[in-house]
Structure formats: structure tokens, C-alpha cells
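Input: a single structure, listed below in C-alpha cells.
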Amino acid sequence: MLSNFALEQQLHTARQELSHALYQHDAACRVIARLKKEKDEAKSLLAQANRQLPQLTATATPVTSTLSNGKRAAEDDELGPSGKRIRPGISSSIITELTDCNAALSQQRKKRQIPPTLATIDALERYTQLSSHPLQKTNKPGILSMDIHYSKDIIATGGIDMTAILFDHTSGAILSTLSGHSKKVTSVKFVGESDFFLTGSADKTVRVWQGSEDGSYGCRHVLKDHSAEVPAVTVHATNNYFVTASLDNTWCFYDLSSGLCLTQVSDTSKSDTSKTEGYTSAAFHPDGLILGTGTSEAVVKIWDVKSEANVARFDGHEGAVTAISFSENGYFLATAAHDSVKLWDLRKLKNFRTLSLYDLDTPTNSVEFDHSGCYLGIAGSDIRVYQVASVKAEWNCIKTLPDLSGTGRATCVKFGPDAKYIAVGSMDRNLRIFGLPSDESQLES
């Protein structure tokens with residue numbers, strides 16, 4: 001008995017020592033990996049600086065670059081011989097990461113089914129306004145952009161008043177007001193289910209915010225790579241990278257954790273150089289290897305992210321392309337402009353339907369597929385919800401919601417989780433929620 005007890009004690013001690021050793025080994029591996037990454041980034045920055053030294057002028061202005069740990073590394077001017085900043089580029093390891101993500105998501109999509117909890121067409125037909133929430137300031141009213149954090153049911157808005165507001169849909173309370181931009185906030189995006197949040201602005205900057213345990217948000221990075229307004233920010237499916245699109249006719253690909261611009265892409269294929277063409281909208285394809293951008297000159301461009309090449313171009317709109325949205329099935333692209341909403345078949349790269357909804361003086365401001373890919377929301381002088389169909393079948397309008405702001409301008413529309421509600425922003429600073437009244441929603445569930 002005593003010998004067995006002694007053996008058990010020894011075994012218990014050995015297990016503790018092994019567990020402690022494994023923990024130390026894991027921690028050491030993490031530290032080594034972080035240090036190696038920081039070393040590689042520092043070497044890359046040093047190599048860039050060494051290449052630029054012969055070409056720098058005596059009046060060059062120092063800039064800073066960001067390492068993975070959030071610290072800034074001092075660096076000489078990043079301007080090359082042509083006067084453009086030198087970027088490290090999208091590395092082969094990142095391309096592998098994007099490709100693997102694409103393969104995994106494509107495989108998941110084949111097995112994906114419509115969730116049983118999705119709001120039915122019958123329910124959508126009975127949607128009415130449930131609430132209205134004045135979010136932006138009264139002296140500068142107007143909501144310009146919106147996004148929803150689905151797991152937390154938080155709605156973010158960006159407005160003319162230069163702020164972004166985080167609103168808890170469940171409690172009806174404002175969680176945080178993010179200030180820092182010097183001009184209107186044109187785009188807001190949550191980064192997946194993480195606590196990161198992005199804002200783009202007419203002040204030419206993009207801000208990366210990070211939430212804390214107490215619910216507050218701090219600005220982690222201010223990105224100043226664009227020379228004009230930034231109307232669009234879109235997040236890659238890995239949630240490790242994001243793209244910004246600007247009226248300066250470039251889009252930038254960023255690493256989220258470091259805030260480093262890996263590449264800045266401009267379209268050199270413009271046939272008419274007399275026109276000033278900038279990007280007014282942008283969105284990633286659900287699988288992440290394709291980027292769509294809309295321009296101020298009514299053109300939609302499709303990009304291969306890996307090669308940074310413009311692989312397709314869609315013409316036919318009139319006026320700036322105000323919004324673009326890819327369907328979750330990966331087959332359809334919806335684009336909105338001053339004249340209409342156009343639906344494109346990405347398999348054949350052709351327009352298969354045009355929805356001319358409003359008069360010539362009323363632009364279409366927003367277009368958005370819901371997360372299931374079953375519904376399409378459109379915002380202009382009112383809000384319309386369409387049932388997504390095939391290329392040959394009719395896309396039926398199942399609900400028209402009035403613009404209750406009195407401004408005649410619904411600026412953005414988003415479907416809540418499972419399309420259980422529809423959030424609408426407009427130029428009167430109010431966020432409006434449409435859905436089933438509580439008694440009816442209980443019957444539906």
C-alpha cells in the first residue's frame with residue numbers, strides 16, 4: 001500500500017513537472033515566433049531604407065512604420081525614384097494564407113444550407129418600423145455608413161458629424177462614440193467577431209480601433225496612405241487583412257495587427273487620362289481572392305488580389321457607383337449607382353438584370369445582400385427588399401419600406417442576424433429598425 005501511494009505521488013509530481021515544462025515550451029515558442037516576425041519586418045524595413053538612401057534628398061521628411069507589437073520603427077522616407085512610397089508587397093506566405101482561406105470557404109459553401117432560423121418571406125412582408133434612434137449630432141445630421149456585429153448584435157454608424165457610434169440593438173443604448181476624424185465618416189466596418197473596428201473618412205485617413213473589456217474603444221492606428229477621401233473599407237475573410245479604397249484612384253491592402261500598408265494599387269489601364277477617376281465603393285468577394293471596386297466614373301472593376309491585377313471591368317452605370325455587394329453564394333454581384341441597381345453574373349461576367357427603381361434625380365445609395373444570400377436590400381428614396389432568384393428567374397420585390405426621415409434619402413441598409421430585422425440609416429441622423437412586432441415575432445419563432 002505504501003509503495004503504491006509513493007508511486008502515485010511520484011506520478012502526480014511527474015505530471016505537474018511535465019505540464020509545467022510543456023507550458024514553458026509553448027510560451028517560449030510563441031515568444032520566438034513573435035520575435036522572428038518582428039525581426040523579419042525590421043529587416044524588410046531596413047532593406048527598404050538602404051535601397052532608398054542613394055535617392056533621398058537632404059530635405060526628406062522622416063516617416064514611421066509599424067511592427068507587429070504595435071510599436072513604431074523609425075525609418076527614412078519611403079519614397080522611391082518615381083516619388084511613390086515603396087511598399088513591402090503581399091508576401092508569398094500571405095498569398096498562401098489567402099489561398100487556403102479561399103479553398104476552405106469554397107468547400108464550406110458547397111455544403112452550406114439555408115438556416116432554419118432565417119426570417120421567412122411571409123415575415124418580411126409584415127415588417128414595420130419598430131424603433132427610431134437619433135444617433136449623430138443635430139447640428140450635422142446624417143448617417144452615411146453602417147455595419148453590424150452579428151454575434152453581439154451591435155450596430156455601428158458613421159456620420160457627417162465626424163463620429164462613429166456603436167449602438168446595442170438589444171438594449172437600445174449607445175455603447176460608445178468614437179471621435180478623432182476631422183471630416184465626415186464615410187465607412188465603418190467590424191472585423192469579423194473580433195474587437196477590432198475600422199473607420200474611413202473624408203479626412204483621407206483610416207482609423208483602426210480596438211475594444212477593451214469595459215466596452216470602450218481606443219484608436220490603435222491612424223493610417224495616412226491616401227491623398228483623398230476614403231469612401232470604402234472592406235475586410236478580408238481571414239479577418240487579418242483589410243482594403244481601403246480612395247478617391248485618389250488607389251486601393252491599399254493592410255495588415256490588421258501592424259497597420260502596415262503592404263501594397264497600394266492604382267489602375268494604369270485607364271484609356272481616358274483626362275478624367276479624374278476615383279474609387280467610391282469596394283467589397284471583398286466572400287472567398288477573399290477577388291476584390292470589387294466602384295468608381296466615380298460609373299465603372300465597376302474586379303481585381304485579383306494575389307496578382308493585384310484588374311481582371312474584369314463592368315460598364316453600363318450612369319454616375320458614381322455608390323455601393324457594391326457580393327452574394328454569399330459567390331455567384332452574384334449587385335452594384336448601385338445614380339441610375340439603377342445592376343445584377344451581374346460573375347461566372348459569365350455579364351449583367352443579367354437592371355432594377356431602375358427611382359427617378360433621375362434620386363440616386364440609389366446602398367445595396368446589400370443578407371448573410372444567407374436569400375434577400376437583397378436597396379436604399380434610395382425608400383427601402384426595398386428583393387427575393388434573390390436565379391439568373392433567368394424573376395427577382396421579386398417582397399417589401400417596400402417608406403423613408404420616414406422626411407429627407408427622401410435612405411443612405412444605408414443592413415440585415416440583422418437571420419434577417420430578423422432591417423436597419424436603415426438616413427440623412428436625418430436617425431437609425432431606424434424595421435421588423436415584426438414582438439407579439440408577431442414570438443409567433444414566428
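Along the chain as shown, residues are numbered 1 onward.
Every residue, even glycine, has its Cβ placed from backbone N, Cα and C.
Here TrEMBL flags 32-59 as coiled coil.
Residues or ranges marked as compositional bias 'Polar residues' in TrEMBL: 59-69.
Among the features that TrEMBL reports, region 'Disordered' is placed at 59-86.
Across the repeat 'WD' (178-210), DSSP classifies residues as 0 helix, 18 strand, 15 coil. Here TrEMBL flags 178-210 (among others) as repeat 'WD'.
Per TrEMBL, the feature repeat 'WD' maps to 223-264 (among others). On the 0 to 100 pLDDT scale, the repeat 'WD' (223-264) averages 97 in the predicted structure.
Positions annotated as repeat 'WD' by TrEMBL: 272-313 (among others). Residues 90, 95, 98-99, 101-102, 105-106, 109, 228-229, 231-238, 243-251, 253, 263, 265, 319-328, 330, 333, 335, 337-338, 344, 346, 349 of the same chain sit 6 or more residues outside the repeat 'WD' (272-313) yet have a Cβ under 8 Å from a Cβ within it.
DSSP states for the repeat 'WD' (314-354), grouped as helix (H, G, I), strand (E, B) and coil, give 0 helix, 23 strand, 18 coil. Residues or ranges marked as repeat 'WD' in TrEMBL: 314-354 (among others).
Taking Cβ pairs closer than 8 Å, the repeat 'WD' (314-354) reaches residues 106, 109, 280-287, 290, 292-302, 360, 363-369, 371-373, 376, 378, 388, 391, 395 in its own chain, all 6 or more past its ends.
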